[in-house]
Amino acid sequence: MTDSTSELLLPAPAKLNRMLHITGRRADGYHELQTLFQFLDHGDELRLRLRPDGEIRLTPPIAGLPDSNNLIVRAARLLQAESGCQLGADIHLTKRLPMGGGLGGGSSDAATTLLGLDRLWRLGLSLDRLAGLGLSLGADVPVFVRGRAAWAEGVGEKLTPVELDTPWFVVVHPGIEVATHAVFGAAQLTRNTPPITMARALQGGAPSWHNDCEPTVRSLYPQVAEALDWLGSRAPAMLTGTGACLFARLGSEVTARRLLADLPGRYTAFIARGLNLSPLHAALGR
Ligand SMILES: C[C@@](CO)(OP(=O)(O)O)[C@H](O)COP(=O)(O)OP(=O)(O)OC[C@H]1O[C@@H](n2ccc(N)nc2=O)[C@H](O)[C@@H]1O
Ligand SMILES: Nc1ncnc2c1ncn2[C@@H]1O[C@H](COP(=O)(O)OP(=O)(O)O)[C@@H](O)[C@H]1O
């Protein structure tokens, strides 16, 4: 974060779903989940600069995504409407996270916009209120607003903070996109995992965790299956969200770097550490 009152430089971290169970389907077609969210010390970055004229300007544009659909612009306009604030912002996005990869980049960008503009515009809104606004933008936004690793239920909005182990991860993008709606719409998807308590989920720890989307994503997207097989032969590996990104859990930065160096050239990847406090909240002191 810069020290100026008219400009902020803030992180928008990635998340992982350390486990994900699908426990049912609601009347509106959305699925009930139980998941553990954790942040990574890797993500996008937003520079927010105050504009007195009320305009919201985003640079650079994301190819194929009109600004009016960008969660950053939508979050900024929502905050203006909610607070009646007449101020605006120039927002510069450094996009590092693959889109639609299950790392929550768009949701995290939205949360950073809400918290950053709340600070820049001196609105003083509570995290409860900002999380409520975030939920209207997407189910994954509230966890980024609250900034604590969490046990999540419902569609991901009922959050209980947790302290998880903080290993190093190798996060791999297999080079294809997974359509979230195709996974949730697949006939073969397991939708009836019996609900468990948070205590039970935490008791087993990482070796006991799995993602109910994984078998469906494996069969619909053979490239994901191949990448998961490769990664899983080197370290315990899983899918995050509905993919397409995968993560392997390592005991140290050195072993993570070694695995990254061995990775076949057809995949893109990065290493990162798991965090129980979002770097956004660390930067803002919230
Ligand atoms: C399942 C998670 C876990 O983190 O996957 P990732 O997106 O991170 O991979 C998310 O909650 C995803 O949330 P989000 O990315 O906001 O999903 P959306 O775009 O709203 O949903 C796309 C489509 O997936 C289906 N969908 C999504 C979430 C959910 N709990 N049940 C659903 O059935 C719906 O058909 C919806 O139209
Ligand atoms: N600022 C943004 N960054 C990324 N995606 C965005 C953004 N705003 C809107 N989107 C839309 O949200 C979708 C989901 O993106 P993202 O959050 O990166 O993936 P996921 O939900 O799989 O973790 C994108 O495919 C894109 O259409």
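Don't overthink the numbers, they just go from 1 along the chain as shown.
Glycine is no exception: its Cβ is also placed from the backbone N, Cα and C atoms.
According to TrEMBL, the active site annotation covers Lys15 (among others). The secondary structure of Lys15 (active site), as reduced to three states from DSSP, is extended strand.
According to DSSP, Asp140 (active site) sits in a coil region rather than a helix or strand. Annotation source TrEMBL lists active site at Asp140 (among others).
Summarising the annotation, TrEMBL assigns ATP binding site to Pro98, Met99, Gly100, Gly101, Gly102, Leu103, Gly104, Gly105, Gly106, Ser107, Ser108. Long-range Cβ contacts of Gly100 (ATP binding site) within its own chain (separation 6+, distance under 8 Å): Glu177, Val178, Ala179, Thr180, Ala244.
Taken residue by residue, the domain 'GHMP kinase N-terminal' (70-147) breaks down under DSSP into 46 helix, 7 strand, 25 coil. Residues annotated as domain 'GHMP kinase N-terminal' in TrEMBL: 70-147.
Per-residue pLDDT, averaged across the domain 'GHMP kinase C-terminal' (208-264), gives 97. TrEMBL lists 208-264 with the feature domain 'GHMP kinase C-terminal'.
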Among Pro98, Gly102, Gly104, Gly106 [binding-site residues], residue with fewest other Cβ within 10 Å: Pro98
Residues among the recorded positions Gly100, Gly102, Asp140 that border ligand 1 - Cβ under 6 angstroms, in sequence order: Gly102, Asp140
Listed recorded positions with Cβ under 6 Å from ligand 2, out of Lys15, Pro98, Gly102, Ser108: Gly102
